[in-house]
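Working notes, structure below.
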Amino acid sequence: KKKKKRKKKKKADEELVSHGMQVRLIVVLDATDQLESLPDELQKYGFSVETIESREGVVKASGTDPGNAAAVLCSDASIESVARWLEAHPRGAYQPPVPVVCIGQAENFDRRYHVAQHGARAFMSAPVDLPELVERLETLVQELAAGTKGRVMIVDDDRELAEHYCLVLNSAGIEAHAVSDPLTLLSELYAFEPELLLMDIELGAHSGVVLARMIRFHARWLSLPIVYLSSEDDPERQLRALSGGADEFLVKPISDDYLIRAVQMRCHRARQLSELMNRDSLTRLLKHSVIKQEVERERQRCTRGDYSSVAVLLDIDHFKQVNDTWGHAQGDVVIRTLANLLRNRLRESDAIGRYGGEEFLVVLPHCEPSAALRLMSGILESFSELEFSSEDDVFHVTFSAGVAKINDFSAGDQIIEAADKALYERKRNGRNGVTLYTDNA
């Protein structure tokens, strides 16, 4: 309901930062004073912020170690000194560098090129849009956490060599799985779900080129990066092999160090492309088709594993009224805020998607319906307490949710339909609550 502005409890966009998670940032202050107010503002969002100074082209860090920082923020005037400082304090082996976010006045090509040349991962114009900055930082934090990870399947009929590659990659934090029998390749793909496939060209009686073409028969694997790991070094033969559906060649023999770095880079790029294809642009949640697939996959997993899982369908209450009263831009803020609240309050293993305009679909593995009801009720309470501001007005928003136990159904569409019926029942009973599906719903 609309009401006059009063003392704020908690700003809606403060939910952009993970609850209970102290993300460490380093802000470099200099004579430009462009970032002077930034530490206090970022602390309001829940970040742990340290400040250091850059004077006369030198970072005065007083022993500050940037190694475990999620990001360093500096002005474009300090980018060179910050780059030298970070270069003098490298992170551990195979660890990605600490990302630098640069804030400056100019947006011309030369200035941006200069900033990128010195390693910045992002450039934002001053005065900075704080919610946009926080969202960019959250993305960088997630990328940094996943920077050394990966899921790689290695297909090679030399079992000993394949196992060696697995050990090497595992030592760098990359999950690797070896397959030596091409006949099991498809079933292994669906079981392991790799981000990257490394495959030899010659696999006994089978051809890696033909196998790559066969893998592409399946829509599920059209975007899977396939890299040949082969002793073939003739460029013409490599091109012919790549025409079968693979993406790149790594030529044997290959050093352990090169293998790790090559796989890390390709896994990172694969994740970026997957994000673009599978994520909603406004919320960065899974798209409609992807979250629907996740419901069915979880149904199959919990059936095989004999455990309980839950699906939840949420709908923002009276969302049309929000758009009509405060405008579509504020409506987008409400949607994005709920998306970030869900992402920050749920587990990494949970799947969250934007199912429709103001609808969200959540999959909670290893979760009983009673626990899901408590969890979603707590999130609803937090969401309803957030204050959204528009000019001189403050307003609050709630949502309604329907919960369905995944194990009770034999198809993903049935699960979503049941959650939708429970959601409808909740709306019939006054909205602003969470309802569990029953046969009477």
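Quick reminder: no glycine exception, Cβ is built from N, Cα and C everywhere.
According to TrEMBL, the feature domain 'Response regulatory' maps to 24-141 (among others).
If you look up TrEMBL, you'll see 151-267 (among others) marked as domain 'Response regulatory'.
Residues annotated as domain 'GGDEF' in TrEMBL: 307-439.
The 4-aspartylphosphate annotation in TrEMBL covers Asp76 (among others).
Classification of Asp200 (4-aspartylphosphate) by DSSP places it in coil, neither helical nor stranded. What TrEMBL lists as 4-aspartylphosphate is Asp200 (among others).
Shown for the domain 'GGDEF' (307-439): DSSP residue counts in helix, strand and coil, namely 63 helix, 35 strand, 35 coil. Asp76 (4-aspartylphosphate) sits 46 Å from Asp200 (4-aspartylphosphate), taking the Cα positions as reference.
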